[in-house]
Amino acid sequence: MNAVEIQGVSQRYGSMTVLHDLNLNLGEGEVLGLFGHNGAGKTTSMKLILGLLSPSEGQVKVLGRAPNDPQVRRQLGYLPENVTFYPQLSGRETLRHFARLKGAALTQVDELLEQVGLAHAADRRVKTYSKGMRQRLGLAQALLGEPRLLLLDEPTVGLDPIATQDLYLLIDRLRQRGTSIILCSHVLPGVEAHINRAAILAKGCLQAVGSLSQLRAEAGLPVRIRASGISERDSWLQRWTDAGHSARGLSESSIEVVAVNGHKLVLLRQLLGEGEPEDIEIHQPSLEDLYRYYMERAGDVRAQEGRL
(Lines of atoms letter the chains of each structure in order from A; the text may use other names.)
(Lines give C-alpha, C1' and ligand atoms only; values in the text may rest on other atoms or scores of the structure.)
Protein backbone atom coordinates (compact mmCIF):
# COMPACT_ATOMS: atom_id res chain seq x y z
CA MET A 1 0.00 0.00 0.00
CA ASN A 2 1.25 3.48 -0.86
CA ALA A 3 1.43 6.00 1.95
CA VAL A 4 -0.04 8.68 -0.34
CA GLU A 5 -1.98 8.36 -3.58
CA ILE A 6 -3.00 11.45 -5.53
CA GLN A 7 -5.00 10.53 -8.62
CA GLY A 8 -6.16 13.01 -11.24
CA VAL A 9 -6.40 15.86 -8.76
CA SER A 10 -7.20 19.39 -9.87
CA GLN A 11 -7.75 22.23 -7.43
CA ARG A 12 -9.59 25.43 -8.22
CA TYR A 13 -10.24 28.62 -6.31
CA GLY A 14 -13.08 30.26 -8.19
CA SER A 15 -11.92 30.66 -11.78
CA MET A 16 -8.26 30.04 -10.90
CA THR A 17 -6.85 26.53 -11.25
CA VAL A 18 -3.81 26.03 -9.01
CA LEU A 19 -3.32 22.28 -9.62
CA HIS A 20 -3.85 20.58 -12.96
CA ASP A 21 -4.52 16.83 -13.08
CA LEU A 22 -1.89 15.88 -10.51
CA ASN A 23 -0.93 12.20 -10.26
CA LEU A 24 1.61 11.41 -7.56
CA ASN A 25 2.31 8.50 -5.21
CA LEU A 26 4.51 8.06 -2.15
CA GLY A 27 5.61 4.55 -1.23
CA GLU A 28 6.08 3.25 2.29
CA GLY A 29 9.53 4.09 3.62
CA GLU A 30 10.18 6.46 0.72
CA VAL A 31 11.45 10.05 0.88
CA LEU A 32 10.01 12.26 -1.85
CA GLY A 33 11.41 15.73 -2.48
CA LEU A 34 8.71 18.16 -3.63
CA PHE A 35 10.20 21.15 -5.43
CA GLY A 36 8.87 24.17 -7.29
CA HIS A 37 8.72 27.95 -7.38
CA ASN A 38 6.38 30.00 -5.19
CA GLY A 39 2.86 29.38 -6.44
CA ALA A 40 3.79 26.10 -8.14
CA GLY A 41 1.23 24.13 -6.11
CA LYS A 42 3.42 22.66 -3.36
CA THR A 43 1.46 24.14 -0.45
CA THR A 44 -1.86 23.18 -2.03
CA SER A 45 -0.61 19.61 -2.46
CA MET A 46 0.41 19.48 1.22
CA LYS A 47 -2.99 20.82 2.31
CA LEU A 48 -4.74 18.15 0.26
CA ILE A 49 -2.68 15.42 1.94
CA LEU A 50 -3.37 16.95 5.37
CA GLY A 51 -7.10 16.97 4.66
CA LEU A 52 -7.31 20.75 4.97
CA LEU A 53 -8.64 20.97 1.40
CA SER A 54 -10.93 18.75 -0.62
CA PRO A 55 -9.93 18.37 -4.28
CA SER A 56 -12.10 19.99 -6.94
CA GLU A 57 -11.51 16.87 -9.04
CA GLY A 58 -9.80 13.55 -8.43
CA GLN A 59 -9.01 11.59 -5.30
CA VAL A 60 -6.48 11.72 -2.47
CA LYS A 61 -5.76 8.69 -0.27
CA VAL A 62 -3.47 8.77 2.75
CA LEU A 63 -2.48 5.45 4.34
CA GLY A 64 -5.32 3.88 2.39
CA ARG A 65 -7.98 6.23 3.80
CA ALA A 66 -9.43 9.69 3.32
CA PRO A 67 -6.98 12.36 4.53
CA ASN A 68 -9.37 13.67 7.20
CA ASP A 69 -9.91 10.23 8.76
CA PRO A 70 -9.04 10.39 12.50
CA GLN A 71 -6.92 7.23 12.19
CA VAL A 72 -4.83 8.91 9.51
CA ARG A 73 -4.25 12.05 11.56
CA ARG A 74 -2.92 10.05 14.49
CA GLN A 75 -0.29 8.53 12.19
CA LEU A 76 0.75 11.75 10.49
CA GLY A 77 3.38 14.31 11.51
CA TYR A 78 3.60 17.80 10.03
CA LEU A 79 6.24 20.51 10.26
CA PRO A 80 4.89 23.78 8.78
CA GLU A 81 7.15 26.33 7.15
CA ASN A 82 6.44 28.96 9.79
CA VAL A 83 6.45 27.45 13.28
CA THR A 84 4.59 29.30 16.06
CA PHE A 85 4.49 28.24 19.71
CA TYR A 86 3.29 29.71 22.99
CA PRO A 87 6.23 31.97 23.93
CA GLN A 88 5.79 31.66 27.72
CA LEU A 89 5.99 27.85 27.77
CA SER A 90 9.29 26.01 27.95
CA GLY A 91 10.36 23.64 25.22
CA ARG A 92 9.49 20.65 27.40
CA GLU A 93 6.07 22.08 28.34
CA THR A 94 5.33 22.82 24.69
CA LEU A 95 6.14 19.29 23.59
CA ARG A 96 4.16 17.75 26.47
CA HIS A 97 1.17 19.90 25.44
CA PHE A 98 1.31 18.62 21.86
CA ALA A 99 1.84 15.05 23.06
CA ARG A 100 -1.43 15.24 25.02
CA LEU A 101 -3.27 16.69 22.02
CA LYS A 102 -1.99 13.89 19.80
CA GLY A 103 -2.43 11.13 22.38
CA ALA A 104 1.29 10.35 22.27
CA ALA A 105 3.22 8.96 25.23
CA LEU A 106 4.76 11.68 27.41
CA THR A 107 7.87 9.51 27.72
CA GLN A 108 8.72 10.48 24.14
CA VAL A 109 9.16 14.15 25.05
CA ASP A 110 12.64 14.00 26.58
CA GLU A 111 13.81 11.49 23.96
CA LEU A 112 12.75 13.80 21.13
CA LEU A 113 14.28 16.87 22.74
CA GLU A 114 17.56 14.96 22.93
CA GLN A 115 17.15 13.73 19.37
CA VAL A 116 16.76 17.24 17.92
CA GLY A 117 19.51 18.75 20.08
CA LEU A 118 17.35 20.74 22.49
CA ALA A 119 17.87 18.80 25.73
CA HIS A 120 20.08 21.60 27.09
CA ALA A 121 17.30 24.16 26.50
CA ALA A 122 14.32 22.01 27.45
CA ASP A 123 13.33 24.18 30.42
CA ARG A 124 13.95 27.55 28.79
CA ARG A 125 10.96 29.55 27.59
CA VAL A 126 10.35 29.31 23.87
CA LYS A 127 10.50 33.10 23.55
CA THR A 128 14.25 32.84 24.24
CA TYR A 129 14.76 30.32 21.41
CA SER A 130 16.44 31.29 18.17
CA LYS A 131 14.66 30.65 14.87
CA GLY A 132 16.70 27.50 14.36
CA MET A 133 15.83 26.23 17.85
CA ARG A 134 12.12 26.83 17.23
CA GLN A 135 12.47 24.95 13.96
CA ARG A 136 14.00 21.97 15.79
CA LEU A 137 11.21 22.10 18.38
CA GLY A 138 8.74 22.03 15.50
CA LEU A 139 10.45 18.94 14.13
CA ALA A 140 10.23 17.25 17.54
CA GLN A 141 6.51 18.08 17.59
CA ALA A 142 6.08 16.47 14.17
CA LEU A 143 7.79 13.28 15.38
CA LEU A 144 5.47 12.75 18.35
CA GLY A 145 3.64 9.44 18.15
CA GLU A 146 6.18 7.91 15.71
CA PRO A 147 4.18 8.88 12.60
CA ARG A 148 4.06 6.61 9.56
CA LEU A 149 3.85 9.66 7.31
CA LEU A 150 5.86 12.85 7.84
CA LEU A 151 5.32 16.10 5.92
CA LEU A 152 8.19 18.58 6.18
CA ASP A 153 7.64 22.05 4.71
CA GLU A 154 10.96 23.92 4.41
CA PRO A 155 12.50 22.01 7.34
CA THR A 156 15.98 23.57 7.03
CA VAL A 157 14.81 27.19 7.38
CA GLY A 158 16.85 28.84 10.12
CA LEU A 159 19.17 25.88 10.64
CA ASP A 160 22.94 26.27 10.53
CA PRO A 161 24.96 23.84 8.36
CA ILE A 162 25.61 21.39 11.21
CA ALA A 163 21.95 21.35 12.30
CA THR A 164 20.92 20.92 8.66
CA GLN A 165 23.16 17.88 8.29
CA ASP A 166 21.80 16.48 11.56
CA LEU A 167 18.28 16.89 10.15
CA TYR A 168 19.17 14.96 6.99
CA LEU A 169 20.76 12.18 9.04
CA LEU A 170 17.56 11.99 11.10
CA ILE A 171 15.55 11.72 7.88
CA ASP A 172 17.82 8.85 6.81
CA ARG A 173 17.16 7.03 10.10
CA LEU A 174 13.40 7.57 9.83
CA ARG A 175 13.42 6.19 6.29
CA GLN A 176 15.29 3.10 7.47
CA ARG A 177 12.55 2.59 10.08
CA GLY A 178 9.91 2.67 7.34
CA THR A 179 8.61 6.23 7.75
CA SER A 180 7.31 7.80 4.54
CA ILE A 181 8.40 11.42 4.13
CA ILE A 182 7.53 14.30 1.83
CA LEU A 183 10.18 17.00 2.00
CA CYS A 184 9.20 20.33 0.49
CA SER A 185 12.16 22.70 0.11
CA HIS A 186 13.55 25.68 -1.77
CA VAL A 187 17.06 24.76 -0.61
CA LEU A 188 18.30 22.21 -3.12
CA PRO A 189 22.01 21.73 -2.30
CA GLY A 190 22.48 18.85 0.10
CA VAL A 191 19.00 17.37 -0.38
CA GLU A 192 19.65 14.97 -3.24
CA ALA A 193 21.58 12.38 -1.20
CA HIS A 194 18.63 11.97 1.17
CA ILE A 195 15.64 11.53 -1.16
CA ASN A 196 14.52 8.53 -3.18
CA ARG A 197 12.66 10.54 -5.80
CA ALA A 198 12.09 14.16 -6.77
CA ALA A 199 8.81 15.70 -7.95
CA ILE A 200 9.08 19.06 -9.70
CA LEU A 201 6.03 21.32 -9.97
CA ALA A 202 5.64 24.44 -12.09
CA LYS A 203 2.51 26.50 -12.64
CA GLY A 204 0.36 23.85 -10.98
CA CYS A 205 1.55 21.05 -13.26
CA LEU A 206 3.82 18.12 -12.44
CA GLN A 207 6.81 18.59 -14.74
CA ALA A 208 8.79 15.52 -13.71
CA VAL A 209 8.92 12.80 -11.08
CA GLY A 210 11.47 10.05 -10.59
CA SER A 211 14.82 9.16 -9.11
CA LEU A 212 17.71 11.47 -9.94
CA SER A 213 19.15 8.88 -12.32
CA GLN A 214 15.79 8.66 -14.10
CA LEU A 215 15.50 12.44 -14.35
CA ARG A 216 19.08 12.72 -15.62
CA ALA A 217 18.35 10.17 -18.33
CA GLU A 218 15.13 11.95 -19.29
CA ALA A 219 16.69 15.42 -19.33
CA GLY A 220 19.77 14.30 -21.25
CA LEU A 221 21.95 16.91 -19.58
CA PRO A 222 25.70 16.55 -20.17
CA VAL A 223 28.21 14.98 -17.82
CA ARG A 224 31.44 16.93 -17.30
CA ILE A 225 34.71 14.99 -17.03
CA ARG A 226 37.76 16.74 -15.61
CA ALA A 227 41.23 15.21 -15.81
CA SER A 228 44.33 16.62 -14.15
CA GLY A 229 48.00 15.73 -14.61
CA ILE A 230 47.33 14.68 -18.19
CA SER A 231 50.11 14.41 -20.75
CA GLU A 232 49.88 16.19 -24.12
CA ARG A 233 46.92 18.32 -23.07
CA ASP A 234 46.72 20.27 -26.34
CA SER A 235 46.60 17.15 -28.49
CA TRP A 236 43.72 15.82 -26.38
CA LEU A 237 41.84 19.09 -26.78
CA GLN A 238 42.33 18.98 -30.54
CA ARG A 239 41.34 15.32 -30.73
CA TRP A 240 38.08 15.84 -28.85
CA THR A 241 37.23 19.06 -30.64
CA ASP A 242 37.71 17.33 -33.99
CA ALA A 243 35.40 14.53 -32.78
CA GLY A 244 32.68 17.08 -32.03
CA HIS A 245 33.02 17.19 -28.26
CA SER A 246 33.11 20.39 -26.23
CA ALA A 247 36.48 20.50 -24.45
CA ARG A 248 38.55 23.18 -22.76
CA GLY A 249 41.81 23.50 -20.90
CA LEU A 250 41.64 24.31 -17.21
CA SER A 251 45.40 24.59 -16.65
CA GLU A 252 48.61 23.49 -18.34
CA SER A 253 47.94 19.85 -17.44
CA SER A 254 44.18 19.64 -16.83
CA ILE A 255 41.19 19.56 -19.16
CA GLU A 256 37.42 19.34 -19.10
CA VAL A 257 35.30 17.57 -21.68
CA VAL A 258 31.51 17.50 -21.88
CA ALA A 259 30.10 14.01 -22.42
CA VAL A 260 26.74 13.92 -24.20
CA ASN A 261 24.62 11.23 -25.81
CA GLY A 262 26.11 8.37 -23.81
CA HIS A 263 29.77 9.10 -24.60
CA LYS A 264 30.90 9.19 -20.97
CA LEU A 265 32.35 5.68 -20.85
CA VAL A 266 34.04 6.08 -24.24
CA LEU A 267 35.80 9.25 -23.11
CA LEU A 268 36.80 7.70 -19.79
CA ARG A 269 38.31 4.66 -21.51
CA GLN A 270 40.31 6.93 -23.79
CA LEU A 271 41.59 8.98 -20.87
CA LEU A 272 42.49 6.03 -18.68
CA GLY A 273 44.00 4.03 -21.52
CA GLU A 274 46.11 6.73 -23.14
CA GLY A 275 46.14 9.93 -21.11
CA GLU A 276 47.56 8.58 -17.84
CA PRO A 277 45.85 11.26 -15.73
CA GLU A 278 46.75 11.80 -12.08
CA ASP A 279 43.09 12.33 -11.18
CA ILE A 280 39.66 12.26 -12.81
CA GLU A 281 36.50 13.97 -11.57
CA ILE A 282 33.04 13.19 -12.95
CA HIS A 283 30.39 15.87 -12.46
CA GLN A 284 26.87 14.53 -12.94
CA PRO A 285 23.99 17.00 -13.43
CA SER A 286 22.93 18.04 -9.93
CA LEU A 287 19.42 18.41 -8.56
CA GLU A 288 19.80 22.16 -9.15
CA ASP A 289 20.71 21.53 -12.80
CA LEU A 290 17.67 19.28 -13.24
CA TYR A 291 15.40 21.76 -11.48
CA ARG A 292 16.58 24.57 -13.74
CA TYR A 293 16.11 22.40 -16.84
CA TYR A 294 12.50 21.53 -16.00
CA MET A 295 11.68 25.09 -14.94
CA GLU A 296 13.02 26.45 -18.22
CA ARG A 297 11.11 23.80 -20.15
CA ALA A 298 7.96 24.91 -18.35
CA GLY A 299 8.73 28.52 -19.25
CA ASP A 300 9.38 29.70 -15.71
CA VAL A 301 11.07 33.09 -16.06
CA ARG A 302 12.82 32.98 -12.70
CA ALA A 303 14.76 29.86 -13.67
CA GLN A 304 15.69 31.40 -17.02
CA GLU A 305 17.02 34.46 -15.23
CA GLY A 306 19.09 32.26 -12.91
CA ARG A 307 16.97 32.56 -9.76
CA LEU A 308 15.53 29.55 -7.95
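Placed from the backbone N, Cα and C atoms, the Cβ positions cover glycine too.
Quick caveat, the model's predicted, so the values are computed rather than measured.
Record features, source Swiss-Prot:
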DOMAIN    4-228  domain 'ABC transporter'
BINDING   G36, H37, N38, G39, A40, G41, K42, T43  ATP binding site
Worksheet entry | Env. residues of ATP site, Cβ within 8 Å of mean position of G36, H37, N38, G39, A40, G41, K42, T43 Cβ | L201, A202
Discussion item. Neighbour count, 10 Å Cβ-Cβ cut-off, for N38 (ATP binding site): what number do you get?
Written reply: 8
Practice prompt. Count the Cβ atoms, other than its own, that fall within 10 Å of the Cβ of G41 (ATP binding site), considering every protein chain shown.
Written response: 24
Fill in: Densest Cβ neighbourhood among G36, G39 (binding-site residues), 10 Å radius
G36
